[in-house]
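Structure first, commentary second.
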Amino acid sequence: MTDSHTAGPFIAAIDQGTTSSRCIVFDRDGRIVSVDQKEHEQIFPKPGWVEHDATEIWTNVQEVVAGAVEKAGITRDDIKAIGITNQRETTLVWDKNTGEPVHNAIVWQDTRTDALCKELGRNVGQDRFRRETGLPLASYFAGPKARWLLDNVDGLRERAEAGDLLFGTMDTWVIWNLTGGVNGGKHVTDVTNASRTMLMNLHTMAWDEKIAESIGVPMQMLPEIRSSAEVYGEITGGRLGELLGGIPVASALGDQQAALFGQTCFSEGETKSTYGTGTFMVMNTGDKLINSYSGLLTTVGYKIGDQDTVYALEGSIAVTGSLVQWMRDQMGLISTAAEIETLALTVEDNGGAYFVPAFSGLFAPYWRSDARGVIAGLTRYVTKAHLARAVLEATAWQTREIADAMTKDSGVELTALKVDGGMTSNNLLMQTLADFVDAPVVRPMVAETTCLGAAYAAGLAVGFWNSTDDLRANWRRAAEWTPRMDADIRDREYKSWLKAVERTMGWLEDEE
């Protein structure tokens, strides 16, 4: 065992992510006992298209679960349940009799359904299904991806209508395989993943037949919608059946919702922000379903067993960590990602430069696909160190815009922001965040909040933890940054940022 003070029992969590799958074993204090991880191939058949091989992913999931258990030096008797968290919206259709995918999974970033989404919104605009689903018509969501497969793979629609095919996001694929696959695998999804298909009605928490018909997805393909924390079935069959047969599969949450749960944001108004390639900020809105008029998504936060559904508001930023990578790989201004902080610290401010990284348009709160990146305010005075600072400030200003939108929609002021993800190791960025959103920024001890959230939900489902109070008691602060910026300077610079954002819009003309 990796940790001398850790005695069982344990909970395991699978994180089926965009670039890799991993499994983490946690103890009762929410501490990490072991980790195993394996990357899978990113497939780019055409510009704007992104696919994954779901068979490769299932193979990797089995490997990392076996690997994490082996590294922890434990057996099936030590593991009380396994939970699942996953990249959201990534869409798969498979044959229920053979277990074979009919096509690669279409990944959330894939934009091939742009034209279909425009067509679906033709007379009514992108808010056609927003009142029921909380989502704008965008290529991001799963329903239109399923329709694309049905329209473009030979014979698929007939097979779907005959009841031979199953649709699912990655949680559904993993659960179906874990619980037996063709031999009685459970075809289920949880409310958080279902809320990202554009096919679930947030008011009824059930599939919306009218919307499914409008989008063109047969109801018989869809999984059963369950809560985020309950026993869906047991591990059976296959490689893991021998190793871990009988262990309950007891939670599923989309990755951002899992991070909200892992950060113990259980009260209305509590908010977390995950800083990775892009950034996702999620606010718990309690039992209130808040329609956003400020460009946020209304979504499900989580649902524990038969307790009430907890809703959330979400704002997503397309480019944050990937802007630092761009500075390193395309511009050559830094040689490692960590260097951005060192370079930015050599100057006091941004030298008047503002960098809006609208590389593929702007996400929340604008949703403008015609925008492209801009560096504004350039003079001869500006050095690469000023640009490094402008790069970090871009992430902080975009967070501020979403925080403002959340306050506007919910009427709740942000009192603190819990953060996680790779970029949180950048202390200058964290201080800048606190300064710009004018609230304390807090980083927890366990950075793997996504996996932790799935483990927590699974543990609650089997009584490993009794209540969310137990989980709150586990949450430990590693670092906190408080605002140190003069309010007048903040307001002045925010104005300049908003001016720079305006300059990005309308760059692409319709015919492009």
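For all residues, glycine too, the Cβ spot is worked out from N, Cα and C.
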Have a look through Asp190, Asp208, Asp255 and flag the one Swiss-Prot assigns to the sn-glycerol 3-phosphate site that Thr18, Arg88, Glu89, Tyr140 belong to. Asp255
Whole-number Å distance between the CA of Gln256 (glycerol binding site) and the CA of Glu89 (sn-glycerol 3-phosphate binding site)? 12
Spacing of the two Cα atoms, Glu89 (sn-glycerol 3-phosphate binding site) and Gly321 (ATP binding site), in whole angstrom, works out to 21
Can you tell which of Thr19, Ser20, Thr277, Gln325, Asn426 has the most other C-beta atoms within 10 Å, given these are the binding-site residues? Asn426
Any idea what the Cα distance is from Asp255 (sn-glycerol 3-phosphate binding site) over to Arg22 (ADP binding site), rounded to a whole Å? 13
At a 10 A cut-off on CB-CB distances, which of the binding-site residues Glu89, Asp255 has the highest count? Asp255
Counting Cβ atoms within 10 Å of each Cβ, the densest environment among the binding-site residues Thr18, Gln256 belongs to Gln256
Cα-to-Cα gap, Tyr140 (sn-glycerol 3-phosphate binding site) vs Gly321 (ATP binding site), nearest whole Å: 19
